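Engineer: Before I ask anything, let me first share the structure, which is written out below as structure tokens.
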Amino acid sequence: SSPKFTKRPSDGTGVIANSISFDCAATGAPAPKILWHKDKIPIVHTERVQQRPDGSLSITRLVANDAGEYECIATSETGTIRASSVLAVYNRTRVSPRPAARVEAAKGSNAQLNCSAVADSRLANRLTVSWTYRPTFGGESYRPVVTGVTGRSVSTGTSLALGNLRSSDAGLYRCQADAGPAGGGPDEAEIQLTVIELPTSPGPPITGLLTADHGSSDGINSDCQLLGGIRVTWPEAEFDGNSPLTGYAVQYQINGDSPDIWRAAKKVNRDSADGLFQKRSVCLSASVLQTSGVAYRFRVLAVNKLGFSTGSRPSDWVFLPSRPPSGPPQSFFLFGGESNSSLRASWEPPKPRHRQGRLLGYQIRHVGYPAGVSERLLNVTEPDVTSALLTDLQPNTEYNAWIAAVNEQGRGPWTSPAKTARTAEGRPLSAPAGVTVAPVTPRSARIEFDALLRAQLPGRLVSYSIVAECQAEAVAADLAPEEAPEPCERVEKLVSHVDTASRVSVVLDGLRPHTSYQVSVRAKTGAGFGPASAPPVAMETVPDAPGPPRGQLTVTRVRDTAARIGWKPPLRPNGIVTGYRVSWKPTVATDAASTLLHSNDAGSVDVKDVRRYDLTGLRPSTRYQVGVSAVNSAGVGASAIVEFVTRSRATAPDAPRQLRQVGVLARSARLQFLPPLSDGGAPVTAWLPEVQRAVAPVSTGSSLMTEDGHRSVGEAPVGGDWVAMKELPVPDGDSDRWRPEESQQLLLQGLRPFTRYRVRLSAKNSRGVSSPSAPPSDWFITMATLPEKPPANLTLRVRSATQLAARWLPLESEAWCGPALGYQVQLSPADQEVSNWQNATNGRISDPSGSYHLLESLQPSRRYRVRVMAVGLAGSIASSAVEAVTWDSAPLTAPKIVSARVQTSSSGGWSISVRLDQLNDSSGVTGYQVAAFDANSDPLASPKTAAIFAEIDADRLTGVIADGDNRLKPDTEYRVAASALNRRGRGPWTPLSEIFTVQTPSSSKPFEPPEWVYFDWSTKGVVKVCWLPPRYPGVELTSYRIRWGDNTVDRPVNELCYSPPATTTKSNRCRNSVLVAGLSSGGSAEGPSARAPCPPSLDGESLPSHPPVPESASTIELTSNTAEIQWVQNLPEPRNFTVLIEDLTRNASWKQNIDMSSVRTVSSDASSGAMTLRATVYGLQPYRLYQFRLRARGDVASPTELGWSSPTPNRRTQPSAPQIAPNNVILASHGKSGVRVAWKPLQGNSDWACNPKESTSLAAYRLTFQSWSPEELMNSEEPQKQSHHQRQQLSRQEKLNWKATETEVTGLAQDVYYEVSLAAENVHGTGPASELQLVYVGEAAPEAPPTSLLCRPGVSDVVCSWEAPALDKQNGPLLGYRLYYETASSTVDSGYSDSGSVTVPSSKRETRLDWLRPYSNYRFAVCSVNPAGEGPNSTATDQVRTPQARPGLVDNFRAIDVTTNEATLMWSRPSSANGIVTKYRLRFAQHVSTEAVSSSRLRRSSVAAPSSTSRLSAPYVVTIAEPSSSYRVDRLADNAAYEFAIAAATAAGWGAESVINVTTGPTRGSPKTPDLIACTAEQSGVRINWTILQADIEANRVDHILVQSIVRHQQTTSKSPPVWQLVDRFSLIEATKVQPTGASMLISWDRFLTRGSEHQFRLIASKLWPPTVKISSPSRACDWVAAPLSVGGSSGSAMYEQWWFLSVTLTTMCQSDTNGSSGATAAAARLASGTGTLRGASKSGSLAKNGHHQHFASQQQSDRSELILACDIPNEPADGSASLLLPSQHLYPGGRQRGSRPLSAVGRVSIKQLKSAPRPSPAAAIRPVEMSTLSSNLSPPKSSSGAPLLPVQEKKVAINLDKNSEWRTLDHRRGHQQHQQHQAPVAASSAINASGYASLRKAKPPEPFNPGNVPTIGVPVG
């Protein structure tokens, strides 16, 4: 038969390293063979994998790879069958890593036992770790670890955390990791937990007294053997705290000490080698205990690693006797002291074993020899002192000394042998007596005295010293250091001793006449001098004739007829000076002698004791000799002589010189200057200073202060008028010390801080006042200083409990006295005696016009002192302080808890008695609240749910917590906190750092019952009773006790369920309830019980089903906060009900348990057992829609949660008063008696707790005002002390529509504060009020602006005035005004804008603005300011133009085309014109050096660059009309430095000068000189070939080549050297390519060349462009080149070469008009535009002068017209003439010959109508002519009126070679040719640019021409 399986393999699981087998058996015939495959692969049998004979497969020591599908195959001849199974192999579950075997932790601390487990990842969700333990004390079996015990902090898992360890927690803990059988079963690990405690104290120690002779062999120390002591022995500690003892600590107490004071005596360590730990015995010697003669007692403390045990019971008292020291001090020495009456002793203390206790000091005994010196004792009372000084000893005496130590018992032995030392020799002990003094001469005196006896001398007498000390002389205050008298010297004389003389007489010489002396005598021995005789004997020497007056006589105020003679007292008056004799005589100086002149002029006079005398009636210009002698009682002394010369007749003085400031302060400046060269012959008596104040900075760049606070001079400022300052008199005497070269200084006062000034000074004498110093000083700026005054009118307003508002009047701009940095508001608590000012602003208010700041983050109900600081650059100044009190709030601080202690309460439990300290809080505390918090909770996080509260009256300050039903838990740490209450609410709780902590006593029985008793399951007669442990048992529970009926069963604490026996008898039936209680103390103490009604099954009845779902639920009655619900409940009766409350208005729901005691039975049906029940639901909100559902719960635990009943019909709760307050209430004062109020309204019916739309609801808002005057608020306690009745009297209420969101309340009291609150109300009542807010009523900004605003320009400023607004529009006192200004437009700069404001105090209605931009249009407006703010602005004024001011610096002033003798100056109009610029002033001068040649002559020479040793020569000044912007200057000195300065002028005057320096020659960095190769004459001109250094081009050191020429006329005979003039310039920048060699340029014949003359050329390389013009040296001059007389074959002198001809060609761009006339009229107007007005039309016709006609010619083109004027200068202007203003070069008729003079004149050129003018010949080449081309025999050209004609050298030339050729223009400024094609033939003509010409004036009288010092002024370039 085919094979059939009898056993099939089944799926299996295995664990790594375990074994497994698969069964497989089959039958058949023949018998089948069993084969095994794994994963379709035949299995290879190994030692580990074997197939058994019965066909089963066995696998041992499983590995992970063994997992897979195993197939059993039964095969035979009849067939093959297969059966498979799957093997899953899992890792073994194990504890890994293995935990530590032992863990130690201190009792009361926390311990954590770690037990980590690993399992197969597929079993991770099944892995569990459980803990059991076997206590060290209390049993051998393991028990589960109880988790979740309150107060123990026990948690389990892979770590077991045990909190608050107890002794019972010690034991062996076992952790078991289990992931099920698949993981190999559970794995375990054990941890031994040792709870370490403090050891117990040893028993009371036993003491014994040891004497010094007591022998010992038991380890007692040597001190005890030698000195005696106390032996202390104690028993061993009974308990070491589970940790070996490390030692003992022995402490002692002295009889009389406080019982709590124990001193450390000795610590015995376990590992010490003395064996005292094992013997538990120590000996404490007297040296250890320090104090002897007192009683001691001892205690011992055991020590382990955790700390010290409590002290043992003390031993009996033992008395330690004391005795004197047994040995003397050591190292005793005696040696010489600090004087001859002292010796110094030193020593070391006795050895410790000889001290016999604490030393009190030492005694030193000393005695002197020879006999007669008594023995003395010296007590040293400081035991630490080791040296002493023996004093009051006899000099030169030998002394013996001994020392002994002293303790409390007495003195020890003396040292032996005695120490010996000798004192030093002494000085005489007394002074000589009988001293007498008698003057002999004015310079000597006799001294006599008694000699000393030998008994009075402690040594050998050497000599006597006689000393005469002179009295200090009074030194005159005006005494110069070099004239100081010789000091009054001390006179001393030594006299050798005369043994035989009993009285000594000595003559003392060297004294001064008429001088007081003090004479004394003293003796001297080998040791020195003795005392001087006393008192000293006074003596005065006799007078002598005085010496001459000291120093030189002074002669001051020397005038033509008078002089003042001054002197000083004589150095040696030799008596009392009674006067002086002054004598004088006129003399004449000769080589031989002085001869008396005019004997009648001589004289003498005796004067009293004065220091000066005025001589009068002298002769002018006469030499006088004056002598002065002093006079005293001895006669007339020697004379001092002086000579002087009287002055000639006097005049006014010269002006002071070189005035400058050398020191500048805020309101003064120190000036330094040189006096006038001449004082006019009369002394200068006063200086007259004048100051000029800068009107304003002229531009942004010239501001006085930069942003970083540094002064910036910038542009030269605009100066105002000169103002005379206070006259400064010359100090008396200085006016006669006339030293013109000695600088003087003056202090100029009365200046304004931080203002720009310059000063000039005049000198004044008796003849008049000098002219002011010129130039004035440089501009300087006075220093900034403190603001002139503080901010005014500071007012404070209370904004809230933490805010004050400050407002003040800002400072005026002038009052800042420097840069205004802003304001700082400072405050300080007013209750501090010393103000601690702190900044209330973050940094500072930087706006100088700021006037408001809100002070925040203040403390409520606190008085503050506030001030405002005006902060300037130099410092700040504070306003007067103003005080205000912030509004009250809830208390900010918590009261301090003085004490808190646990006491037994009246209910038998415990309570906490708390005493508080009075809270020093100004917020008006009305009471306190105290609370006790479990130490494991956070009292500040959840005070209402974690604490027991109690209220305390504000006056009692004591209270009790948990008295009555509120019970405290035993053995629990509580934290006690407190907070204060007032009318605004409750303050903060006590900070955690200040909370009191108390501990309730422990209890022997449990504190709480089990939390809940229920029945897990029930059968007939048997029910499983379960319970939850107590949340806080209070003690360690040992078991639970279950009672029912007569049965009582105790169960272990780890069994929280119990099943009674199945049999039920009458005795064990339940009666009423099942009771479960916790047991402690091994079951002896029982706690309160938890109760559950008996289930019916325990009474032998069948167990009922779970209670059904309640039915027919409905809402019977609703109030605003409760609902009465009713339902039908069928049997069995539930244990309790849960109601589900659904708020349909807010779409919210929550559950609420119904207390069965509140459930009422309405009716019941006996037949069905149904009951109608009713209960009350609480916690509902008014006027909301609710529905309710119910759920019942029985006694037996339900396996599934029961369902809810059907909901009740929707019902709405009753309306009530609103439950919430309006929020976001905002207040603002409006007007003088109104307040605006806005708020966020209540939303919907739920907020109103009714329907506010119903008329019956009477919904509204109620606004309440309570007034407080500022005086009441200043009393910080006033608002809190108001009674309810007073509050009602002061209140005002407004009722507002319920829809309102804002309102305005008027008619309130003014100048008072109001507390404002807002509440919603309806017919049912008023809801809670909003938080109180504070508002001040009575402040409103002014309603009207100031009137009559008038702003008018002054000399240099704008003055604005106005009138105050009407009084009824001011809304309170005005703080001031604010004047605003802004630019309407700028006359000089259209892009300039300026705006700002200035504050003015209320006492003024006018202000002056002197910093506005000159010549600009401004508009102004003004407003009033009061404490509430700014009122409206007045109407802006019309535009007011500020006055013109002096202009700023001329811009872009520079020099170009500089050669060795020429320079072109260019500039731009000042950017800060400050008005209309009308002209320029050009000044230039040469730098010359000065060096001394002799004492009376100076030599001047040129310098190549300005330096400190050079000065400027006399300047040349030229005035140039606007709009000229360039000027050419020639005939400058070669290689010389020049200073060029230019200034612009407006109607206000000249501005500051722009200055440059120019050198006419090469300087450092100049290019190399070009190499001029050749000058070749060609048909059209002269070609010049040259080369230049390529390196200069590459280095950018050269950009132009300048060409100069000189002319040599063929017909002139002038011997004056020709002058090099610039004729052209070649640009290397614009040239397409510059070759270093072979470069050339062509100079046209008509380009500044004179026909019929010869020319030479030279080249200069130039670096033209800024920053500095640099030129090379001129090249060599080429050979002379002759210019042809004509061009194109013409010959002869043309009319334009005649002496009367003046040619001016104007070129304009215009079109021909319809009648064919040209644009000549426009050309004439253009000519006149810069020089005058063209009046009328030109006359027709021609004029003849000297046989020649005046020619007019024009050439018309489509776009060009030229006008040629050829005329003389008539004397009278013709009708229609135009002014022609042409500045001339210095041109000379007849060439530049000796005696020729430059000519200039003023005339008018008539302009003829063009259409009648004849055309000149085309062949005539018209060009300008220099005067030098005329013949020298011609007289200067004259007009018919005799005025000279002026030829002009032009700068721009246009030449037409023929009618078909092109125009060729050579522009000298650019240096290259410009080409322009023309079709029509034109006549050759010359052209000149006439723009920018200056007006000519008649020249000054002719002066000889000197090219060296008179510069040539060339024609200006347009």
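A Cβ is built for glycine as well, from the same backbone N, Cα and C atoms used for every other residue.
The following feature annotations were taken from TrEMBL:
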type	residues	note
DOMAIN	97-192	domain 'Ig-like'
DOMAIN	215-325	domain 'Fibronectin type-III'
DOMAIN	328-426	domain 'Fibronectin type-III'
DOMAIN	431-544	domain 'Fibronectin type-III'
DOMAIN	545-654	domain 'Fibronectin type-III'
DOMAIN	688-785	domain 'Fibronectin type-III'
DOMAIN	790-892	domain 'Fibronectin type-III'
DOMAIN	894-1003	domain 'Fibronectin type-III'
DOMAIN	1107-1216	domain 'Fibronectin type-III'
DOMAIN	1221-1340	domain 'Fibronectin type-III'
DOMAIN	1342-1445	domain 'Fibronectin type-III'
DOMAIN	1449-1566	domain 'Fibronectin type-III'
REGION	530-551	region 'Disordered'
REGION	1081-1115	region 'Disordered'
REGION	1272-1295	region 'Disordered'
REGION	1733-1757	region 'Disordered'
REGION	1776-1800	region 'Disordered'
REGION	1897-1918	region 'Disordered'
Engineer: Taking DSSP states H, G and I as helix and E and B as strand, how many residues of the domain 'Fibronectin type-III' (545-654) are helix, strand and coil?
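Structural biologist: The composition, in the requested order, is 3 helix, 51 strand, 56 coil.
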Engineer: Below 8 angstroms Cβ to Cβ, which residues of this chain, lying six or more residues outside the region 'Disordered' (530-551), approach it?
Structural biologist: 427-433, 435-437, 439, 441-443, 445, 449, 467-469, 480, 483, 485, 511-524, 567-577, 580, 628-640
Engineer: Ranking 328-426, 1107-1216, 1221-1340 by Cβ pairs under 8 Å to the domain 'Fibronectin type-III' (790-892), which is first?
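Structural biologist: By Cβ pairs under 8 Å, 1221-1340 leads among 328-426, 1107-1216, 1221-1340.
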Engineer: Under the DSSP assignment, what numbers of helix, strand and coil residues are found in the domain 'Fibronectin type-III' (1221-1340)?
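Structural biologist: Tallying H, G and I as helix, E and B as strand, the rest coil: 23 helix, 56 strand, 41 coil.
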Engineer: From the DSSP assignment alone, can you count helix, strand and coil residues within the domain 'Fibronectin type-III' (1342-1445)?
Structural biologist: 3 helix, 50 strand, 51 coil
Engineer: Let me know the model's mean pLDDT on the domain 'Ig-like' (97-192).
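Structural biologist: Per the prediction, mean pLDDT sits at 85 for the domain 'Ig-like' (97-192).
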